[in-house]
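**Q** Sending over a structure as structure tokens; questions will come in a sec.
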Amino acid sequence: MIYQGENLSVDYIENGIAHLVFNAAGSVNKLNIATLRSLGEAIDVLYKQKDLQALLLSSGKSAFIVGADITEFLGLFDTPEEELSDWLHQANVIFSRLEDLPVPTLSAITGFALGGGCECVLATDFRLADDTASIGLPETQLGIMPGWGGSVRLPRLIGADPAMEVITTGKPKRAKDALKIGMVDGIVSRETLIDASVSMLKQAIDGQLNWQQRREQKKAPIQLSPLEAAMSFNVAKGMIMKMAGKHYPAPLTAVKSIEQSANMHRDDALAIENKHFVALTRTDVAKSLVGIFLNDQLVKSKAKQAVKNSEPVKNAAVLGAGIMGGGIAYQSASKGVPVLMKDIAQASLDLGMNEASKLLNKQLERGRLSGLKMAQVLSSITPSLNYGGIETKDVIVEAVVENPTIKAAVLAEVENEVNEHAILASNTSTIPISLLAKSLKRPENFCGMHFFNPVHRMPLVEVIRGEKTSQQTIDRVVAYASQMGKTPIVVNDCPGFFVNRVLFPYFAGFSLLLRDGGNYQQIDKVMEKEFGWPMGPAYLLDVVGIDTAHHAQAVMAQGFPERMAKNGRDVIDAMFEDDRYGQKNGIGFYAYALDKKGKPKKNIDEKTNAIIATITDSTQPYTSEQISARMMIPMINEVIRCLDEGIIASPAEADMALVYGLGFPPFKGGVFRYLDSIGLDTYLDMAKEFEQLSPVYQVPDSIKQKAAAGECYYPAPKSSVSSPSV
């Protein structure tokens with residue numbers, strides 16, 4: 001053994017050929033700070049080996065290296081700028097020393113080689129992959145860019161255009177696609193990967209492969225004429241501004257870094273990369289996107305624990321077909337859980353089956369599943385007008401009309417048909433679960449399972465715990481949601497649960513802003529283009545359905561009369577009274593017509609302003625800042641109240657529910673990350689200006705206390721860098 005560290009070891013595999021194996025104690029290899037330090041030590045040892053003729057890098061895991069340890073990122077981001085830059089430089093010295101070893105080097109890649117793992121293999125002369133390999137630089141998806149030489153070596157290896165596509169999209173390349181663009185030199189089977197790698201290194205040792213030339217290519221300037229450079233970088237910047245927009249600076253920064261260093265040799269180019277990487281770590285966007293990643297890991301770890309605590313769901317049922325029931329049935333069946341879809345009307349069953357068939361056809365057209373698989377999924381959905389076979393089902397999801405009397409009757413009826421261990425779950429958007437449970441003999445076997453529309457696209461499922469719901473029931477339904485490929489978040493019961501409870505104060509802010517003379521088109525534009533929502537409130541109401549919102553608004557007002565009861569007729573009432581329900585009937589705030597692809601396209605409707613005029617006295621100009629504040633303060637206040645009341649368990653789960661359920665701008669990270677970013681005192685000052693408008697603008701005492709104590713909602717990160725040395 002030449003070197004033995006906690007996460008990697010080096011020994012000779014054959015005479016003169018050293019073998020460095022990444023093999024961390026955990027389930028996967030991560031290029032964390034400890035592993036990086038160990039890699040530096042191993043390379044120091046290799047430089048001292050007099051008989052060294054070649055070096056092979058491989059993994060003792062099914063994946064090569066999944067990337068850097070993202071749990072260390074926020075600490076790195078909090079490190080003083082100069083200290084982080086020094087540390088980054090020292091880290092790059094390690095990869096440059098790997099690249100400069102006086103012998104040929106090769107990486108044998110299995111599974112993922114992402115982020116720092118990709119940057120590590122780029123430092124070697126050759127790369128062989130097995131057919132499971134997936135190689136890429138996903139850093140821009142976290143608001144940063146490659147910082148260990150990825151943006152320097154990749155464009156020199158494969159050319160500027162393909163390198164910029166890999167880096168700016170953040171999407172990994174499968175082995176065959178990586179081979180096409182030159183990221184790897186060959187693909188072999190996993191069984192022969194090491195032998196083939198050793199054989200290739202022997203060819204390099206014998207002079208049959210010019211490893212020195214490959215190496216020098218990565219250390220020299222990018223081979224581009226001035227005209228080629230101008231065209232390449234200008235086109236890339238234009239595409240990025242169109243795709244990523246102004247809210248996500250990392251892709252554009254990466255391109256600018258590559259452009260500025262294009263005519264430089266490696267070490268000078270690395271210094272440019274260092275400067276741009278450090279600048280991105282100072283942005284709130286990077287902290288927000290990394291925060292989302294970490295929050296997602298927390299939510300998924302809770303779901304995994306629930307899966308461990310319960311038996312997998314083998315058979316399920318949906319009560320109520322139509323678009324929603326068909327969507328739920330499709331999602332269950334497509335993930336391998338057969339489902340009985342029951343309705344009292346054949347037309348509804350036909351609609352549900354058509355919805356499932358339509359979604360499967362889209363997958364077939366895109367080449368994502370075969371005709372055989374489509375037939376298998378469809379055949380695992382059983383439409384029925386009766387309860388026959390429901391006694392064998394593990395979980396039954398009720399998805400009938402949003403009416404408490406009807407839902408309670410259906411639930412009581414089906415409880416008599418199922419086995420005593422079966423779980424009943426109601427797909428309701430606003431009705432309290434504890435209210436529906438009153439009709440049941442076994443309320444402990446009942447919970448809420450709130451899907452978002454469209455089911456196949458929206459990742460979130462709210463799992464709602466009623467007063468008498470057992471933990472076993474919660475675990476089983478969380479496990480079922482996970483089986484369906486969804487992200488389940490457990491919330492406690494109240495009207496609207498979490499997502500809809502915080503959405504309707506946002507709509508209240510919109511109604512009040514229109515009452516006070518705001519322009520709905522300007523509000524939509526500000527909330528989309530400036531704040532970053534995928535849809536403004538008027539457009540969102542049209543998509544949700546103004547009739548649906550009108551009904552839900554009444555439920556929320558009944559549940560929280562002190563804040564959500566309306567003081568007179570509002571714009572939702574006015575639209576509802578004029579039979580403007582939104583996309584579903586072609587007219588709401590906007591008018592809708594189907595485009596060439598059959599999707600509803602919104603157009604300005606001249607009558608909308610006349611309807612709004614019936615609930616306001618005059619029009620008033622508002623700044624973007626005023627609009628954002630008046631729209632967001634009611635939602636933020638309600639999110640804080642939900643945390644205070646234990647409706648949602650943590651800031652992390654609240655933020656993920658907002659991002660996955662409502663499309664809260666990811667670059668802002670969720671309400672609590674946003675509050676920490678702007679500062680609680682800043683928020684309190686902003687809210688104070690509007691507190692007389694309505695009770696929804698009055699901030700909870702808890703945030704005042706937190707601000708007075710100088711606290712944040714997320715714990716302050718600890719610096720991951722203790723010294724510049726690695």
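Glycine residues also receive a Cβ, built from the backbone N, Cα and C atoms like all the rest.
So Swiss-Prot lists these for the protein:
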ACT_SITE  His450  active site, for 3-hydroxyacyl-CoA dehydrogenase activity
BINDING   Asp296, Asn500, Tyr660  substrate binding site
BINDING   Met324, Asp343, Val400, Val401, Glu402, Lys407, Ser429, Asn453  NAD(+) binding site
REGION    1-189  region 'Enoyl-CoA hydratase/isomerase'
REGION    311-726  region '3-hydroxyacyl-CoA dehydrogenase'
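Looking at the shown structure, what environment does each listed feature sit in?
**A** Non-local neighbourhood of His450 (active site, for 3-hydroxyacyl-CoA dehydrogenase activity): Asn427, Thr428, Ser429, Val461, Glu462, Val463, Ile464, Phe497, Val499, each in the same chain, at least six residues away, with C-beta under 8 Å from its C-beta.
Other Cβ atoms within 10 Å of the Cβ of Tyr660 (substrate binding site) number 24 in total over all chains. Following the DSSP three-state reduction, the secondary structure of Tyr660 (substrate binding site) is helix.
Around Val401 (NAD(+) binding site), the same-chain residues six or more apart in sequence whose CB sits under 8 Å from its CB are Gly320, Lys407, listed in sequence order. For the recorded site, Val401 (NAD(+) binding site), the DSSP three-state label reads coil.
Summarised as a single figure, the pLDDT of the region '3-hydroxyacyl-CoA dehydrogenase' (311-726) averages 95.
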**Q** Of the binding-site residues listed here (Met324, Glu402, Asn453), which is spatially closest to Tyr660 (substrate binding site) when Cα positions are compared?
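**A** Nearest listed residue in space: Asn453.
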**Q** Pairwise over Asp296, Asn500, Tyr660, annotated as binding substrate, what's the top Cα to Cα distance to the nearest Å?
**A** 20
**Q** Give me the non-local Cβ neighbours of Met324 (NAD(+) binding site): same chain, 6+ apart in sequence, Cβ-Cβ under 8 Å, ordered along the sequence.
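**A** Ala399, Asn427, Phe451, Asn453, Val455 - these are the non-local Cβ neighbours of Met324 (NAD(+) binding site), listed in sequence order.
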**Q** Between Asn453, Asn500, which of the binding-site residues has the fewest other CB atoms within 10 angstroms in the structure shown?
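**A** Each of the binding-site residues Asn453, Asn500 was scored by Cβ atoms within 10 Å; lowest is Asn453.
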**Q** Where does His450 (active site, for 3-hydroxyacyl-CoA dehydrogenase activity) sit by DSSP, helix, strand or coil?
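**A** Reduced to three states, the DSSP call for His450 (active site, for 3-hydroxyacyl-CoA dehydrogenase activity) is strand.
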**Q** Within 10 Å of the Cβ of Val400 (NAD(+) binding site), how many other Cβ atoms can be counted across all chains shown?
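**A** Counting Cβ neighbours of Val400 (NAD(+) binding site) within 10 Å gives 23.
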**Q** What is the Cβ neighbour count of Lys407 (NAD(+) binding site) at a 10 Å cut-off, with all protein chains included?
**A** 23
